[in-house]
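Report on the structure given below.
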Amino acid sequence: MFTDKSTAELKMENKQLIAVCQMNSKENKDENFNVCKSMITRAANIGCKMVFLPECFDMICDSKKKTLENIEPIDGPLITKYRQLAKESCVWLSLGGLHEKGPKSETGKASNAHIVINSDGNIASVYRKAHLFNLDIPGVVRLVESEFSVSGDAVIEPVQTPVGKVGLGICYDVRFPEFAISMAKAGADILTYPSSFTVPTGSAHWETLLRTRAIENQCYVVAAAQYGTHNPKRSSFGHAMVIDPWGAIIAQCGEKTDFAIAEIDMEFLKNVRMKLPVWTDRRPELYGHILAASTPPFSEDKKTFNFGDVQIHDYQLFYKTTSTFAFVNHRPVLPGHVLVAPLRNTARRLSDLTTAEITDLFLCVQKVQKAVETEYGANSSTIAIQDGIDAGQSIFHLHVHIIPRKKGDFSGNIDQIYSELQKHD
């Protein structure tokens, strides 16, 4: 179902056409699909290599109850139809925000999933919206996304497409500059923000935010949009547009359901970055590093990972980023004893890590510690690194021990843990 393999069309030329779409979604998913199908087919016939649809392309209902009654998983009938359409039209699709049925759906919440489908009809990437929009102005507007959506937990590595490397965001994500920088640092040429902006916030901030993200990250920005009145409770601002890396609007939709065409020019992008070398002039030592976007846990491609001279199988992993992985320990000192290590197996000691790897490693340690304490009913942990042979390191691949602790461990001899780790291999 998922693929990161580039199809034959990934032999990129310097200039490619894309289509950014604008629509007015209603409750009926079939009608919304037919609207999108018409735009996709027409754009493909014109020669567009990729078509971008907005957030809520599947539906906009007037109640949480109706929404939850109609949500689907990614392998459901709606996305299956879009996969068939992408293959038939020989075009890549950015589906900007599916109401996704997942594990949290039974609790009354769905995910907001941005899905990329390649021209072979395969799913190339999925991003789940990280920032949830919680707006409640009494008597004016109420849109509290966290009441019906569950947030994603990863910034996804940009996906290679025929039009460039595409970084995936959704709507409210545009207000967080760190999010865009993370994708740009990972190599994004294009940042995407499929949206259903409200009218008050859209009229004040929409264009300014999009142009700012393009200028500061020196990327194209593509923002498909919902527009108009969906139901008595909800209206959207519209103004779907494409911004170039210089900050100019190069395509924009009017007040109707339609698409606009833009040219993605890689030579122009390179020239902008050459003339304004903001990436090499940065001073992260003054204001901190932002990690490059990472793929979500459980990459489906790789089945084994090197841990020193040992092979770790994918079923032993329970969390992974682009530079760090966490896995179960085959000889735990105490229940819940797990290991976190950099993926790069040439990192034998802490001093071998880059700044970005160190940051990612300890963010992963923090996340894993919280998870294992919750799982094992603990509120304390021993976190240790044996950095070098004289410190007890027996596998020469830097790793962090995370051991949830409880009262009474080792008959109350708290420090015995270090003797046990010294013997651990």
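First residue shown is number 1, and so on along the chain.
Quick reminder: no glycine exception, Cβ is built from N, Cα and C everywhere.
According to TrEMBL:
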ACT_SITE  H399  active site, tele-AMP-histidine intermediate
BINDING   N329, Q386, H401  substrate binding site
DOMAIN    15-266  domain 'CN hydrolase'
DOMAIN    303-412  domain 'HIT'
MOTIF     397-401  motif 'Histidine triad motif'
SITE      Y418  site 'Important for induction of apoptosis'
If you count other C-beta atoms within 10 angstroms, which of the recorded positions H399, H401 is the most crowded?
H399
With a 10 Å radius around each C-beta, find which of these recorded positions (N329, Q386, Y418) has the fewest other C-beta atoms nearby.
Y418
Diameter of the substrate binding set by C-alpha atoms, the set being N329, Q386, H401, in angstrom:
15
On the 0 to 100 scale, where does the mean pLDDT of the domain 'HIT' (303-412) fall?
90
Taking only the CA atoms, the spacing between N329 (substrate binding site) and H399 (active site, tele-AMP-histidine intermediate), expressed in whole angstrom, is 11
In three-state DSSP terms, the structure that Y418 (site 'Important for induction of apoptosis') belongs to:
helix
How far is it from Q386 (substrate binding site) to Y418 (site 'Important for induction of apoptosis'), counting Cα to Cα, in Å?
10
H401 (substrate binding site) in three-state DSSP notation
strand
